[in-house]
Amino acid sequence: VSLSSPTLYPLVSCEGALTDGNLVAMGCLARDFLPSSVTFSWSFKNNSEISSRTVRTFPVVKRGDKYMATSQVLVPSKDVLQGTEEYLVCKVQHSNSNRDLRVSFPVDSELPPNVSVFIPPRDSFSGSGTRKSRLICQATGFSPKQISVSWLRDGQKVESGVLTKPVEAETKGAGPATFSISSMLTITESDWLSQSLYTCRVDHRGIFFDKNVSMSSECSTTPSPGIQVFPIAPSFADTFLSKSARLICLVTDLTTYGSLNISWASHNGKALDTHMNITESHPNATFSAMGEASVCAEDWESGEQFTCTVTHADLPFPLKHTISKSREVAKHPPAVYVLPPAREQLVLRESATVTCLVKGFSPADVFVQWQQRGQPLSSDKYVTSAPAPEPQAPGLYFTHSTLTVTEEDWNSGETFTCVVGHEALPHMVTERTVDKSTEGEVGAEEEGFENLWTTASTFIVLFLLSLFYSTTVTLFKVK
């Protein structure tokens, strides 16, 4: 009897919409195999195994002179919607060969994104040095979830200062599943006042959706698209330094604020103490407001969900947005390098710039601080770039921070320490110290190499002279 390997086919349930309240049934059909013994198993996209409790394998059925069998797995749609999974992997073991098959999740319907950009209020620029604020781009109501967001300034792609959050499932009841994504771009006040044109470009299913904004947009008479809500997750720096997580719910495009209420609640419905702050009226006659609440850092790090609820007389029903710490991003600790000032700069005897290079970390949230003789320096003493993707390492990021000190401080032997905080580090923080002696070590190595070469050269010359002398004496003796 000849052996026959199974041929695999994907099976997807056609019943019901992909919503938070039901299960997604995925199936795998194996046909035309011989002998009849076959074993099914399932795994996620990242190769983690699916519990056998959710897997059901049906009896083998004879079809002609060969056999067929099916396996079914039930996955909570909530996990599917809030994760990054695009497919499951059906694995079939057979005596003749092992086969794998990708089974993609169903897409109820194809819906384009609604793209909006929040313009920063004039008083939102802050910083003792270069004053900065953020543009926020949000794409909502789209399906399927595959999407990308990029920023342009005056038609040129912006690579730095961009922070894009993972795609999230929108909270809703019945109906097709839709998703949302938000991206933030850090801008300087001088660039904003220079009338630069910023574009948020959303690529969904190969179609571009552009939204342009500039300072002149503040004076636009275009009607407001309606109240917008942007939940902002706490940064790692705030969580690590304060040991608490600050949740921010930003509400924009308010025509009035008398009936506004912003509240935060934990996953079990327990209300959190929420402080609400309302800005002054913007040039387009709208208001913005923020609702802030603090929770324990441990609760945030554990992945607990928190919901912001906004009510207003202009809203037909409350707007709710849920956030939690993303777990899908792979963690990778940073490598930290501290570089002393360049000799060319020290020759000028004006200032000394120390650089801290932080490479190869994930997720992108990181903080960098500087210390002098163990004491923290004010943030206006140094400049840290926004995390940017590593060109040769997809999924990893890098940043650098430059500290400028006086030439006198550097030459006097002052020590400067770069402190880096990141959630993937063993103790959440690491540091590297540099001083004039570090520069000396580099110089000493170079000087030692030069001295070694000089000594070696001398020995080589003496050896050649002695060899020449010996040869000459030998010739005279022969004669």
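Just so you know, glycine gets a Cβ as well, placed from its N, Cα and C.
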Partner cysteine of CYS200 (disulphide bond, per Swiss-Prot) from CYS137, CYS219, CYS249: CYS137
Cysteine from CYS219, CYS296, CYS308 that Swiss-Prot links to CYS249 by a disulfide bond: CYS308
Per Swiss-Prot, the disulfide partner of CYS356, chosen from CYS219, CYS418: CYS418
Candidate cysteine (CYS90, CYS219) that Swiss-Prot pairs with CYS28 in a disulfide: CYS90
Lowest local Cβ density among CYS200, CYS249, CYS308, CYS356, CYS418, which the record lists as disulfide-bonded residues, within 10 Å: CYS200
Spatial neighbour of CYS200 (disulfide bond) that is closest, considering only the recorded positions ASN114, ASN212, CYS418 and their CA atoms: ASN212
Between ASN114 (N-linked glycosylation site) and CYS90 (disulfide bond): CA-CA distance (Å): 35
CB contacts for ASN212 (N-linked glycosylation site) [other CB atoms within 10 A, all chains]: 12
ASN114 (N-linked glycosylation site) versus recorded positions CYS28, ASN46, ASN277, CYS308, CYS356 - nearest by Cα: CYS308
Rounded inter-Cα distance in Å - CYS308 (disulfide bond), CYS418 (disulfide bond): 36
List of residues, in chain order, with Cβ under 8 A from that of ASN261 (N-linked glycosylation site) and at least 6 apart: MET276, VAL310, THR311, HIS312
